[in-house]
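Right, one structure below, let's go through it.
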Number of protein chains: 2
Amino acid sequence: MAPALGPRPLPNVLLASLIPVAVWFVIRPLLDPPPPLPALHTSVGFSIFAFLAALYLVPALGPSFVKANLKGRDLLKVYSDPIPESQGLICAAIYILLLILFIPFPFSNSIANLPTKGTHLEGLLGAASLHHELSVYLSSLLSLLMATLLGFLDDVFDIRWRHKLPIPLIAAIPLLMVYHAEGGNTHVVVPIPLRPLFGVLLNLGPLYYLYMALLSTFTTNSINILAGINGSEVSQALIIGISVILNDLLYLPWPIDFRIPLHLLGSQAEVDVGGPWRAGMAYGSSQLVSRHLFSLYFMLPLVGVCLGFMYHNWYPARAFPGDTLCYVTGMAFSVVGIQGHFSKTLLLFFIPQIFNFVLSCPQIFGLVPCPRHRVPRFDPDTNLLHPSTAQFSQPPSKLTTLILRVFASLRLTKLKFHPSNGAIVEATNLTILNFLLVNLGPMNEKELVQTLMAVQVSEDGDVVGFWINYEIRSQVVY
Amino acid sequence: MAPALGPRPLPNVLLASLIPVAVWFVIRPLLDPPPPLPALHTSVGFSIFAFLAALYLVPALGPSFVKANLKGRDLLKVYSDPIPESQGLICAAIYILLLILFIPFPFSNSIANLPTKGTHLEGLLGAASLHHELSVYLSSLLSLLMATLLGFLDDVFDIRWRHKLPIPLIAAIPLLMVYHAEGGNTHVVVPIPLRPLFGVLLNLGPLYYLYMALLSTFTTNSINILAGINGSEVSQALIIGISVILNDLLYLPWPIDFRIPLHLLGSQAEVDVGGPWRAGMAYGSSQLVSRHLFSLYFMLPLVGVCLGFMYHNWYPARAFPGDTLCYVTGMAFSVVGIQGHFSKTLLLFFIPQIFNFVLSCPQIFGLVPCPRHRVPRFDPDTNLLHPSTAQFSQPPSKLTTLILRVFASLRLTKLKFHPSNGAIVEATNLTILNFLLVNLGPMNEKELVQTLMAVQVSEDGDVVGFWINYEIRSQVVY
């Protein structure tokens, strides 16, 4: 019953040495003198525990998943051993449980107020807004937990592809309800080029709620549809999570002062990021600091579980994430984007996913036939992946032909034509994975996921640079 | 694949007439002049919707459950059609979703403050404590959602009986964390006879958290172990829910004045329950009113879904609740008991469950052999249920013999002895269902569940009477 493909061995001694480090970070806020950002220390400690828990629990619970019929075979391998599926559930459980256990650290008066005994740092959360923040934190947890439950239901009931697109909307309801109950701000900062038209701040009213709901649907589904090869879902989540963390760190009050050499990015100005009294790029705004701290509390343990899970999901995968992982990570990004009020920055980190989504549209909306799986085709003789294709049983409509011809001229797809009437008979499936294979030639699964990761890293790196550049110009009004 | 046993037909016309009633209740707070307890109206409306949703969704989703292998056969029937299992998940989903959609009604400033425009009633929640209340409400939702997820995991992974006893502890963590973060009160009111020893208020400190954790474990498991015959789980939840509601209603500011004729219960005093300025038995304490309103918000829709589900779970059952229903209902009772600070009253409603639990202890703790199912034995010829038995493969220990002999002398079990050495070779399983059959003789499944319900109703009814009597004596200090 157990898969012949055993779990990947773990360097136990090396990992055991992480436990005291994690414990130190967790209890650091309780030691005197307290650090300037006490709860952030605990969050780092919890994230190390999240990493270790995912690393050990994923293989340990594998056989139970296989026994409960939560298993699948790897479509791109020569063997057909059953591999535990939906193990993102373990990651989600660790993640949410740690976030719940974390509650007293930033929100309990006895712990959270410690730093005010000693030096009071500007730009830090005061006790007054703790109650409000706690509601927001709890509503985020509710949304994450709903996403987990819905993702797992999706895995168990195997809901059809197109039917499940709106499911994340349900998980976003707690966010929206509490946002409303707390007298939520529905103003957005207008991007500089549009300010002559709309002014600096625009009240979107109910449209803002629609935007938040759609954001969570997008972040969830966009990770889910960029799936299919070992490590693709979890590596995206990992890279986006790290990008958000890097962006958050820029807004914290650092004990040291440092300048980002923006002239390397072609800008005249330089940005002063450090210094406790400037609160980083937050420029002393306690609201900005607390928003980005909030984001860090959610992103650090997420990166922890993703890293632990990736060890087992890496090529050749010993564990599959299932929809559960995509749902919970997608919702986590929405949560920080919405509650941290940086959803536009967040979307910039999703450019590869947006590209994949736009590319997929003709198949999602039924213009091009959509096979059940759009993963690349595996050639067992060479161990290489080739672009998979969608077949046209009858000549496509004029609209479809036009779209596919445009896509083909942009090298987004490769077409095959009927030898006599010239109609399209075959197109490579419209996903970023097939797009990479069409343009870079066949490669093996490991190379493909590495290429995908490289695309995501370089894009997200550019965004951080671009965003810093942009932020300093609009800082005045933010 | 679909069960030959079709879903129970629904009186559509009759039910359709409930929709406008529900809509009126939901929107009533928005109409001028607002009623004194606006959110309570909405809660009643939502509860009617909860009832209708459970009534229609349970049979509609049955085939999907069977298809996903969430099915079981009814052990106490002659037929062996697959019946959808774990459908408590549908009830839990409706319940929690409605509780989330309900958030703006009591907690949004724009709606919740309406009554203060007109007449301000003493004993009602002011806007100041709304933020605090919202955190408490959200942590309760988190615990309910975790209970749902854990119950469903229990159904999917089929966790072993004894291993799953501590699972509800996990679901209680959000309650405890937020209770702590909000600077939770760990004082308890000491019962009158013990006041000379401990004073009127006793600070339990960390023990209070232990008590809360154990309470949720108890309420969840006690419903789960009193399972096995059609309608037994949901009818318990329904009766306890209605009992809690009746108890809550005594504390509300009623527009009319009424007296409970306590002399019927042998008391000298009479209790004045009505009148808006007295806030019912809360005697003008806004805290007591808001606690019992909170409890009503959770209990009314629970009764709604339970009633809808019971229609399909009633003998002969067309749907099974699974562990999910037991977990979510048990956690709901804990939530209101803890957050409403009436856990002692709550436990009084659980006396049949406490009886069943104490009775079960020798089997839970391994003194008496515990077969996988302890449900009564079904005789297909007569359609009657008989007490089921546990067999001793070897003579029991002295302790076990002693306990069983005491139980037998109290008519709690029936023993069989070895003809030669006199050792116990068989005992009826130690559950309240077998206890009823031992004492009242064999009966059919419908009669047994009705007897169980009668026991619960008469006991809970006594409690309400007793409690009123008790409350007026301790009222002065509460």
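Backbone N, Cα and C atoms are what each Cβ position is placed from, and that goes for glycine too.
In TrEMBL, annotation is done automatically, which means it is predicted and not curated.
The annotation transmembrane segment is assigned in TrEMBL to B:12-31 (among others).
Taken from TrEMBL, the feature transmembrane segment covers B:43-66 (among others). Same-chain residues lying 6 or more positions outside the transmembrane segment (B:43-66) and placing a CB less than 8 Å from one of its CB atoms are 1-3, 7-8, 10, 15, 18-19, 21-28, 82, 84-87, 90-91, 94-95, 98, 101-102, 105, 296-297, 300-301, 303-309, 311-312, 318-319.
Among the features that TrEMBL reports, transmembrane segment is placed at B:87-107 (among others). Here the transmembrane segment (B:87-107) has Cβ contacts under 8 Å with residues 29, 38-39, 42-43, 46, 49-50, 53-54, 57-58, 61-62, 65, 125, 130, 133-134, 137, 141, 144-145, 147-148, 151-152, 155, 233, 293, 297-298, 301-302, 305-306, 308-309, 312, 319-328, 332 of the same chain, all six or more residues outside its ends.
Residues or ranges marked as transmembrane segment by TrEMBL: B:134-153 (among others).
The feature transmembrane segment is assigned by TrEMBL to B:165-181 (among others). Tertiary neighbourhood of the transmembrane segment (B:165-181): same-chain residues 135-136, 138-140, 142-144, 146-147, 150, 154, 159, 209, 212-213, 216-217, 220-221, 327, 330-331, 334-335, 338-339, 364, selected by CB-CB distance under 8 Å and a gap of 6+ residues from either end.
Sequence-remote contacts of a segment are chain residues at least 6 beyond its ends whose Cβ falls under 8 Å from one of its Cβ atoms, and for the transmembrane segment (B:208-227) they are 143, 147, 165-169, 171-172, 175-176, 179-180, 184, 186, 188, 233, 236-237, 321, 323, 326-327, 329-331, 333-334, 337-338, 343, 346-347, 350, 352-354, 356-357, 360, 364, 431-433, 452. Per TrEMBL, the feature transmembrane segment maps to B:208-227 (among others).
According to TrEMBL, the transmembrane segment annotation covers B:294-312 (among others).
Packing against the transmembrane segment (B:348-368) from elsewhere in the chain are residues 162, 165, 218-219, 221-223, 225-226, 236, 240, 243-244, 333, 374, 390, 396-397, 399-400, 403-404, 407, 412, 427, 429-432, 435, 452, 455-456, 459-460, 463, 466-467: each is 6 or more residues past its ends and has a CB under 8 Å from a CB in it. Taken from TrEMBL, the feature transmembrane segment covers B:348-368 (among others).
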